[in-house]
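Input: a single structure, listed below in structure tokens.
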């Protein structure tokens, strides 16, 4: 049974009001601050038919000022790359009235420093697209094509190729430093996830491939990496992929979410299959989804809140979008089930907060675009039929 539109609209109205009431301050990050709020407000304004984007411009302006003043790190999640991507995304999709301004010219001076900072991280083995060496990838895809942009992207692809671990059977992967926690001499760790691992790498490479950037190298890396991932899947258990892998083969289940586990990885297989027109990868994605659709128990799914990253709306959205690619009643039923859980996480109407996010064993307010109220608002908009171009920041399309 689907959630009534009135229920989704009521929750969306509350989330939108809460985000719109947030002051314009110096926390400008895409995933946790002003630029993320601007993204939700812009998509909501389009859905509601509102034309006043003055509040959005206030948030965008303070975000761009922080970039101009050198106050931010380079990252996509919390720094320059994310702010610049958000600004270009809003402009490129007509969500922000720019009048005589050329958004591409406004950010052009960021190209070289973002490339250099990203490449430096990549050469150290940090390929994380949210925080590390691939932070500039989505930004460059929003930039106007040019010889310089082509050169930057091809250098990033070469950096990935140079740091890859290659096996005699053609498998390709990259080591995972566990956010700096893995010490020298410790066993190798590999991360297959969409948020921080190889699924994110192949997703980005497929988008580069689609745009004709370093196509041969992209195809080789994608083929070898997906082969490695499939060769290292679980042989038993509730999930096809574990959270992380080591050189010692053991089966471990993972959560049900965008960030880690089968749903995000399935989307990566589907995306690569679509962009490279390779049906076997799409078939693997379908197999993973049908297996994941049967998972409902809390101790198995670890769904504790409604956020997009690892909560009910994220799970529902992935099932919903992929059910359009692989029509099957089980996938539609799973999407409906997880959306039905979402209202149960909402606080009663008089409370200023609409949803709380679960982290480290406790619930707390979170308005962010990745795992907070802004993320939930985007999914509620999608459920009501609004455009979903914002999915790019999650590497879903």
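Cβ atoms are placed via backbone N, Cα and C, with glycine included.
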Further binder of Zn(2+) named by TrEMBL next to 309, 310, taken from the candidates 218, 259: 259
Remaining residues near the recorded Zn(2+) site, that is with C-beta within 8 Å of the centroid of the site residues 259, 309, 310: 195, 257, 258, 260, 307, 308, 311, 314, 370, 371
Assigned conformation of residue 309 (Zn(2+) binding site) - DSSP reduced to three states: coil
Neighbour count (Cβ, 10 Å) for residue 309 (Zn(2+) binding site): 23
